[in-house]
Amino acid sequence: MKITKPLNLALLAVAGLTFACGGGEKSTETTAETAAPAAAPAQEVSLEDKYKDNPIYIKGIEKVKGSDCTSCHMVDRKIVGPSYAEVAAKYESTEENITMLAQKVIAGGVGVWGEVPMPAHPGLSEEDAKDMVAYVLLLKK
Ligand code: HEC
């Protein structure tokens with residue numbers, strides 16, 4: 001008892017001191033650490049980067065850029081029409097869906113995403129429209 005009591009006090013004092021300095025340093029360290037992973041999801045790989053080597057992507061984006069699609073559609077933000085990422089989330093990339101959506105791009109249509117119509121693209125061949133749609137349906141998040 002006689003020995004342990006002052007020892008405990010000494011230990012407490014030491015612990016207090018190390019806590020005071022060590023603790024202070026540590027909190028700045030942890031904020032720096034937590035800031036890094038928190039910022040990471042914001043810089044997640046863009047859909048463009050994720051698929052840029054995929055042949056469906058390469059063929060499709062070329063045709064989409066050669067047409068007027070980009071004036072109404074963006075990859076991950078809705079403008080006049082739904083974003084490609086939204087369209088890809090709604091439809092599975094099956095032959096059936098690609099054909100159906102290619103027909104819609106050629107004929108135009110309205111009512112699936114809202115009241116704004118997509119104009120017809122009568123000059124597009126079915127093959128080109130399918131390549132474009134296959135590219136769009138690739139762009140899942
Ligand atoms: C003038 C604006 C405009 C242009 C140009 C345009 N779109 Fe659209 N697109 C829309 C709108 C609006 C919708 C939503 C239509 C709806 O709600 O049914 C849409 C819908 C779509 C859909 C989803 C259809 C569905 O039924 O879910 C696809 C796929 C698509 N567009 C692809 C294309 C491609 C490929 C091109 C270029 C050849 C293109 N769009 C050009 C406005 C446009």
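Residue 1 is the first one shown; counting continues down the chain.
From the backbone N, Cα and C atoms, a Cβ is placed for every residue, glycine too.
Features as listed in TrEMBL:
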SIGNAL    1-20  signal peptide
DOMAIN    48-140  domain 'Cytochrome c'
BINDING   Cys69, His73, Met118  heme c binding site
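Here the domain 'Cytochrome c' (48-140) has a mean pLDDT of 96 out of 100.
On its own chain, Cys69 (heme c binding site) has Met132 as residues at least 6 apart in sequence with a Cβ closer than 8 Å to its own Cβ. Met118 (heme c binding site) counts 19 other C-beta atoms within 10 Å of its own C-beta, drawing on all protein chains shown. The number of other CB atoms found within 10 A of the CB of His73 (heme c binding site), across every protein chain shown, is 20. Neighbours of the heme c site: apart from Cys69, His73, Met118, residues of the same chain with C-beta atoms within 8 angstroms of the site's C-beta centroid are Asp68, Thr70, Ser71, Cys72, Val80, Gly81, Val105. In terms of DSSP helix, strand and coil, the domain 'Cytochrome c' (48-140) has 52 helix, 4 strand, 37 coil.
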